[in-house]
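Worksheet for the structure shown next.
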Amino acid sequence: MAETDKQKALSAALSQIEKQFGKGSIMRMNETQVNDNLQVISTGSLGLDMALGVGGLPRGRVVEIYGPESSGKTTLCLQVVAEAQKLGGTCAYIDAENALDPVYAGKLGVKVDDLLVSQPDTGEQALEICDMLVRSGGVDVIVVDSVAALVPKAEIEGEMGDSHVGLQARLMSQALRKLTGNIKRTNTLVIFINQIRMKIGVMFGNPETTTGGNALKFYASVRLDIRRIGAIKKTDEIIGNETRVKVVKNKVSPPFKQAEFDILYGEGISREGEIIEMGVANKFVDKSGAWYAYNGQKIGQGKDNAREWLRENPAIAQEIEKKIRTAAGVGGMNEFVPSSEEQAEASLSEDHDQ
């Protein structure tokens, strides 16, 4: 077939597709919104934003955060919610575990009055609510806490000893098939928290696995493995956890990077502590003995005092953070970008006003 005949055949096929499935059902890459810059929401941790390679968690994607108990999974998700709310976003929390503490969420910076919360009875109900929120296009971040608590209706209505092999895995697989297209279209960030289980009889390799089957592993664009690696002490009192997060899967940047940060009890991720450490590493903050200095001005003796000084001077903390992000070539401090549906509504209202 000659080149001109090929082009004619392709043009005919494209016009037929558009006629049958609607305008925009197929187009060239440079004509689509796919080419737009990836929009991200900060995780609340500067180090983790850098490890993700794009400055935060990508919008329009599925993210899985898993780890052992008390490793900081819920804290990390609440920090993401707080960051999205700071930028004017709407967030929803599907609390399948019935364990969300509004007081703790408030301490992490979450605007509890503006947070949509659902405590569903069954796994089907939880995922249906999630799907309806995504399709509305009005929610920017949805957290599902957790996959392990998404109990199928058949299991709830059955007897305690009944066997329900693969029921939860089938539920997750079906839900994710429905969700992913809508998530991309509405530019929503959906985060699934997951727990760890042990595979019985594994002699070699890692015996750990996550609940809910394999579907989430495939559909997730980013998977984060979060672990508690130590305790933070002030005299004899433990005031927080040292935490390590490994990016085990990343479809938007190179994977397998990791970040370490402090989670302080009642405060969340210590952003100021990260700014000091990364500022010293990038030579934006000077360290001489126990003293820290910025632009020739001493900001504190010891990390705790320097952290306190930055907390009292947020403008300087933001200035140092901006320098670190610029040096690493990642964003994450940009203005909030509305979803495609919100943008369309805004342009329609502008046309109407004119």
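Counting begins at 1 with the first residue displayed.
Just so it is clear, glycine is given a Cβ too, placed from its N, Cα and C backbone atoms.
Record features (Swiss-Prot):
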BINDING   G67, P68, E69, S70, S71, G72, K73, T74  ATP binding site
REGION    333-354  region 'Disordered'
Which of G67, P68, G72, all binding-site residues, has a Cβ with the fewest other Cβ atoms inside 10 Å: P68
Remaining residues near the recorded ATP site, that is with C-beta within 8 Å of the centroid of the site residues G67, P68, E69, S70, S71, G72, K73, T74: I226, R228
Number of other Cβ atoms within 10 Å of the Cβ of T74 (ATP binding site) across all protein chains: 23
For S71 (ATP binding site), the number of other Cβ atoms found within 10 Å of its own Cβ: 22
Three-state secondary structure, T74 (ATP binding site) (per DSSP): helix
List of residues, in chain order, with Cβ under 8 A from that of K73 (ATP binding site) and at least 6 apart: I65, Y66, G67, D145, S146, I193, I226
